[in-house]
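Trainee: Have a look at the structure that comes next, please.
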Amino acid sequence: MSTSIFGIGNMRKLSLLVLILCILISVKNQNAEIKKSSSSSKTAVKWPYSSWDSFPSVFLSPLTSMEDDDGEVSWHSNRSLEYDFYRDSCPEAERIIRRVVHELYEVNSSVAPALLRLVFHDCFIEGCDASILLDAATGIDSEKDSPPNKNLKGFDIIDKIKSEIEMVCPGVVSCADIVALAGREGVVQAGGPFYPLYTGRRDAMHSFRDVATSELPSPNADLSETLASFASRGFDLRETVSLLGGHSIGVIHCKFFQNRLYNFGRTNKPDPSLDTGFLNLLRSRCNDSNSSMAASPSPSPSFKATPPAPSTSCDGTNSPAPSTSCDGTKSPAPSTSFDGTKSPAPAPSTSFDGTMSPSTAPSLSCSGSPSSSSRAAEMRGSPSLLSAPSPSLKGSISSPPSSSTPSSASFEDSLLSSLEEPGMNMAYEGPGVDFGTLYYRSLLQGKGILYSDQQLMAGIDTGIWVRAYASDISLFPRDFALAMMKLSNLRFLTGSKGQVRLHCSKVA
């Protein structure tokens, strides 16, 4: 009996010992996994959120350049940025950017397209790396000296933002992130959609003048050339059509469409695709004697934007290119897929991957309000990219304006240098709540100002999307925002591949 009890006691002790050993092994393995995860996060990403249930992963998974087996550069998803990257190191950064852009926009509305043009001309070359900001120096052929970039504006705006951020948290926030975020805030001020951005980009140590000269899209390109140019950066047909909708705001100067008015294709005749009445209007703005004038991204004569009109807002959700508009009515959008193929169904089939971002991240919105569920637009890369805005809708800004004067003399000089040059305001019918739809309606009527814009009607598939965006005020802002997110994530630098410049115009 006592032997049996003794045996049972030993068995219990043995079981307890085995249990303790199992627990120790489990804890050890868990610690190893934590260390492994922590180590890998230094080269990958430290996700602040555990679930992604809102934004399409194809657009919120940042893209970076990697080499394939043949050594060719390609575009791959590589999660190495994160939302609210500066939340600990410089929590005021995004608020400073928002405030400065808002204050400057109140002084001169040309801020919005100038900043958007900077985003495009930076990201379209070698990625969003602030290489566009570098001045010429020993070993650096500045992109600013490239012909398509000769009339870029907004450098003083970036410098102003950078100097204010450096006063709060020196050496932390990259110029590349400032360009991307300031471009978004400019878009919002102009009445377009808000789009969330990851941050954590680093600044390039080189500039790429030759690439900018040869690869930025041309205002005189035909449809196949435009599509090929955007496809080289990973944009499909639908995304290209939506990005060109950034031409909804700004002034395009006569230099870039003069040939369409008087001597198209050296025929001594106007472009036959131009509406006759619109041709006469353009000729009244740009007579033949102006043909020798240089182009400039100067602002429109009106410095102050008109008071904002109420903007049409979505419900804050972002289902992939739905077939209903914000008010619940059926969208007339086509079912063309992102590869440009055509389907008989009445609504577009979106191939944005399905689900949205962390619940704490702001969501896409069709309105111009910069709240956590709202805020956007102008862009395109070429000398013809719209660079001076018409009076446009503006979102409200939660942070109070600074008491200091928002514009410096150099900022005024850079924006007003060629104020009197003739051109055509893209919003020539006046500002309105239907951001983007005027641009597409104009193309349907043969009233596209740039040849490359009107060429969107030369293709069946691109024409389908022009009609869709012209008739659905909710579809275009959604697609435009997603495409801008993708643009802002092209081939960025992280870690030791880049640096944080102390002055945006020179390598640290």
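Just so you know, glycine gets a Cβ as well, placed from its N, Cα and C.
Pulled these from TrEMBL:
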| type | residues | note |
| --- | --- | --- |
| ACT_SITE | His121 | active site, proton acceptor |
| BINDING | Pro217 | substrate binding site |
| COMPBIAS | 289-306 | compositional bias 'Low complexity' |
| COMPBIAS | 314-340 | compositional bias 'Polar residues' |
| COMPBIAS | 357-374 | compositional bias 'Low complexity' |
| COMPBIAS | 382-414 | compositional bias 'Low complexity' |
| DISULFID | Cys90-Cys169 | disulfide bond |
| DISULFID | Cys123-Cys128 | disulfide bond |
| DISULFID | Cys254-Cys286 | disulfide bond |
Trainee: Could you check the disulfide-bonded residues Cys90, Cys169, Cys254 and say which one's CB has the fewest neighbouring CB atoms inside 10 Å?
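Mentor: With the disulfide-bonded residues Cys90, Cys169, Cys254, fewest surrounding Cβ atoms within 10 Å: Cys169.
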Trainee: Count, for each of the recorded positions His121, Cys123, Cys128, Pro217, Cys286, the other C-beta atoms lying within 10 angstroms of its own C-beta, and report the residue with the smallest count.
Mentor: Cys286
Trainee: Rounded to a whole angstrom, what is the C-alpha distance between Cys286 (disulfide bond) and Cys169 (disulfide bond)?
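Mentor: The Cα atom of Cys286 (disulfide bond) is 48 Å away from the Cα atom of Cys169 (disulfide bond).
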Trainee: Please identify, among the recorded positions His121, Cys123, Cys128, Pro217, Cys254, the one with the smallest Cα-Cα distance to Cys90 (disulfide bond).
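Mentor: Among His121, Cys123, Cys128, Pro217, Cys254, Cys128.
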Trainee: Quick one: which of these recorded positions, His121, Cys169, Pro217, Cys254, have their CA within 10 A of Cys128 (disulfide bond)?
Mentor: His121
